[in-house]
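Asks: Got a structure for you, written out below as structure tokens; questions coming shortly.
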Amino acid sequence: MSTKSMIRDVELAEEVLSEKAGGPQGSRSCLCLSLFSFLLVAGATTLFCLLHFGVIGPQREESAGGPSINSPLVQTLRSSSQASSNKPVAHVVADINSPGQLRWWDSYANALMANGVKLEDNQLVVPADGLYLIYSQVLFRGQGCPSTPLFLTHTISRIAVSYQTKVNILSAIKSPCHRETPEWAEAKPWYEPIYQGGVFQLEKGDRLSAEINLPDYLDYAESGQVYFGIIAL
């Protein structure tokens with residue numbers, strides 16, 4: 001119903017009731033009806049204005065494509081997933097036959113070297129310029145806690161082709177022991193994993209290494225617990 005129709009109906013009702021009303025009681029009834037009619041007309045007019053100017057009502061529909069995402073990382077990952085599968089990639093694992101040191105190996109079942117990445121001098125050599133995801137995980141294991149503080153470090157370093165200086169790009173340190181195990185107490189085993197990862201702009205010829213400070217604590221019990229890799233984006 002439009003606002004004009006509502007006003008017309010109210011006026012007709014006022015005329016009918018005015019004819020039937022008489023005396024003081026009728027005057028009071030007419031006054032109440034007039035006040036009610038005024039409020040009704042004012043409310044209807046306000047509602048019409050709000051609807052007309054779009055203050056209330058259905059919201060504007062979003063564009064068919066949804067909100068635009070302009071994050072550089074999102075765009076990079078999206079374009080990378082749509083590209084061909086000739087991107088450089090490497091995933092090397094720890095050599096379980098080299099106790100006392102962390103040696104990377106690319107010949108195990110779950111290792112991967114593709115599209116130009118090389119493993120030289122225990123370092124991954126980048127074959128092309130671009131953005132790369134660099135990641136690594138190590139797992140430490142021990143029995144009891146010594147009297148001296150025990151700190152475990154895991155560091156990923158880069159030697160850029162443009163400046164032959166070793167620079168740490170990812171680093172973490174953990175301490176599995178908060179106090180010494182008493183001589184009379186049972187030495188309980190502990191485990192301490194460290195995972196690191198990040199996206200970096202690399203150049204062709206850059207060398208990447210993943211190292212730890214205490215290789216004697218490395219846990220080789222399960223395959224795939226200690227690894228290092230890069231993925232071109």
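Any Cβ shown, glycine's included, is placed from N, Cα and C.
Among the features that Swiss-Prot reports, disulfide bond is placed at Cys145-Cys177. According to Swiss-Prot, the feature domain 'THD' maps to 88-233. According to Swiss-Prot, the O-linked glycosylation site annotation covers Ser80. Residues annotated as N6-myristoyl lysine in Swiss-Prot: Lys20. Here Swiss-Prot flags 1-33 as topological domain 'Cytoplasmic'. Per Swiss-Prot, the feature topological domain 'Extracellular' maps to 57-233. What Swiss-Prot lists as transmembrane segment is 34-56, and the listing cites similarity to another entry.
Quick one: where do these features end up spatially?
Replies: Within 10 Å of the C-beta of Cys177 (disulfide bond) there are 18 other C-beta atoms, taking all protein chains into account. When secondary structure is read from DSSP and collapsed to three states, Cys177 (disulfide bond) falls in the coil class.
Helix, strand and coil counts under DSSP for the domain 'THD' (88-233) come to 3 helix, 75 strand, 68 coil.
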Asks: Within 10 angstroms of the C-beta of Cys145 (disulfide bond), what count of other C-beta atoms is obtained when all protein chains are considered?
Replies: 19
